[in-house]
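**Student:** The following block contains the structure, expressed as structure tokens.
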Amino acid sequence: MIELLSIALKHSNIILNSIFIGAFILNLLFAFTIIFMERRSANSIWAWLLVLVFLPLFGFILYLLLGRQIQRDQIFKIDKEDKKGLELIVDEQLAALKNENFSNSNYQIVKFKEMIQMLLYNNAAFLTTDNDLKVYTDGQEKFDDLIQDIRNATDYIHFQYYIIQNDELGRTILNELGKKAEQGVEVKILYDDMGSRGLRKKGLHPFRNKGGHAEAFFPSKLPLINLRMNNRNHRKIVVIDGQIGYVGGFNVGDEYLGKSKKFGYWRDTHLRIVGDAVNALQLRFILDWNSQATRDHISYDDRYFPDVNSGGTIGVQIASSGPDEEWEQIKYGYLKMISSAKKSIYIQSPYFIPDQAFLDSIKIAALGGVDVNIMIPNKPDHPFVFWATLKNAASLLDAGVKVFHYDNGFLHSKTLVIDDEIASVGTANMDHRSFTLNFEVNAFIYDQQIAKKLKQAFIDDLAVSSELTKARYAKRSLWIKFKEGISQLLSPIL
């Protein structure tokens with residue numbers, strides 16, 4: 001009996017050793033891939049190497065799920081003719097900016113032509129100058145208007161969200177969309193497979209039965225694992241009849257109406273756009289939809305790109321970023337805005353984990369006399385991200401940056417306002433995930449009134465916020481310091 005046990009133990013040791021050796025070899029292969037085969041920052045390389053070294057059995061699994069980079073040419077393919085048409089618009093606008101004969105005399109457009117040119121050149125983010133914008137900071141008002149616009153649709157509704165919850169608000173909106181589909185309106189929903197995992201097929205049955213079309217972005221081909229879970233479509237876009245567009249931070253669900261016991265009031269920022277910028281949102285939706293739809297592709301007919309007479313005069317560029325792009329366009333837009341600041345910078349972001357160069361640009365502005373204000377949440381939805389955000393924001397205090405914690409629920413707003421003149425609102429957080437891994441979309445706005453409105457929203461939020469002073473930060477416990485340190489170490493892969 002003892003001899004049998006000895007043989008069994010010997011065989012089990014051989015099996016365990018084989019598993020460890022196999023895991024070690026896999027980790028080496030993945031380490032080799034990270035260092036030599038993929039384009040990454042040095043910080044990201046070191047973070048993944050630490051994971052692979054200290055988690056030899058699970059490191060390669062984490063890398064498969066969260067670390068793999070997708071080749072750009074495997075994501076989106078734009079027809080040559082469509083690309084040629086877009087390039088023609090961009091070339092015309094670049095020439096106009098270079099010759100200083102742009103048809104619109106908007107002061108902001110003339111002053112910030114270098115930034116406009118950068119977004120044009122890197123992202124084909126063509127400039128539109130005839131827009132009218134409405135700013136939302138409250139979910140109830142935003143969804144009331146959205147539902148009314150859905151009810152008024154006559155031709156088509158293109159509806160894209162990262163999260164669509166299968167709850168009261170989610171079902172209400174899906175029901176309204178289904179009604180329009182029954183009336184003969186073309187209704188297409190594009191949802192992220194991970195973000196909307198509570199919805200997926202069952203929650204969409206009534207909508208589809210009424211004639212609506214829905215597609216998942218990067219759906220999992222395996223029952224429990226999504227090997228593309230690290231690259232999610234975080235965009236929120238609605239286009240109605242080519243006349244009205246929505247873009248911003250709100251997802252669809254009761255949580256975003258302030259009904260979550262965990263988060264309470266949900267503070268976010270969203271835009272309703274009427275004008276030619278809607279065409280840019282439409283183009284982004286079509287590219288995303290056609291990349292995922294196996295059939296039922298959307299054409300580039302004039303029907304989807306009508307002339308819009310908004311009566312507005314606001315300049316807007318719609319910029320996208322994601323792993324399919326060569327440049328980190330939204331990040332570059334943020335950096336260009338920050339470097340142009342002369343008087344003030346107002347930032348709201350739930351996740352503030354940029355790279356050191358980004359942090360240095362903010363420090364340089366503050367040390368140069370610019371009034372820099374940053375607002376972050378005071379409660380975590382993702383603990384590691386929360387502590388890394390706190391440490392990064394606090395690192396700016398010595399440079400004179402003022403940091404505020406939003407105390408009235410959860411802050412999810414992604415806004416940047418410079419000198420009461422230009423602003424950005426969209427889906428991109430100020431972190432590595434938004435800049436590099438996820439698919440994002442932002443509106444860059446050249447208008448004093450909108451910039452002042454967004455700045456005033458920040459100032460109004462100060463009434464329900466608390467300042468993070470150096471003295472207050474110095475009193476944090478050793479346990480918090482430890483959590484900050486670990487989170488900071490992992491921040492390149494959060």
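Glycine residues also receive a Cβ, built from the backbone N, Cα and C atoms like all the rest.
For reference, Swiss-Prot lists these features for the protein:
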- His234: active site (ACT_SITE)
- Lys236: active site (ACT_SITE)
- Asp241: active site (ACT_SITE)
- His412: active site (ACT_SITE)
- Lys414: active site (ACT_SITE)
- Asp419: active site (ACT_SITE)
- 229-256: domain 'PLD phosphodiesterase 1' (DOMAIN)
- 407-434: domain 'PLD phosphodiesterase 2' (DOMAIN)
- 14-34: transmembrane segment (TRANSMEM)
- 45-65: transmembrane segment (TRANSMEM)
**Student:** How do the residues of the domain 'PLD phosphodiesterase 1' (229-256) split into helix, strand and coil according to DSSP?
**Tutor:** 3 helix, 11 strand, 14 coil
**Student:** Rounded to the nearest angstrom, how far is the Cα of His234 (active site) from the Cα of Lys414 (active site)?
**Tutor:** 13
**Student:** What's the CA to CA span in angstrom from Asp419 (active site) over to Asp241 (active site)?
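**Tutor:** One finds 35 Å between the Cα atoms of these residues.
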**Student:** To the nearest Å, how far is the Cα of His234 (active site) from the Cα of His412 (active site)?
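**Tutor:** Cα-Cα distance, His234 (active site) to His412 (active site): 13 Å.
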**Student:** Work out, from DSSP, the number of helix, strand and coil residues along the domain 'PLD phosphodiesterase 2' (407-434).
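**Tutor:** Breakdown, helix to coil: 3 helix, 13 strand, 12 coil.
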**Student:** About how far apart, in whole Å, are the alpha carbons (Cα) of His412 (active site) and Lys236 (active site)?
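**Tutor:** Distance (Cα to Cα, whole Å): 14 Å.
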**Student:** Using a 10 Å radius around its CB, how many other CB atoms surround Lys414 (active site)?
**Tutor:** 25
**Student:** Around His234 (active site), how many other CB atoms lie within 10 A of its CB?
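**Tutor:** Neighbour count, Cβ to Cβ under the 10 Å cut-off: 26.
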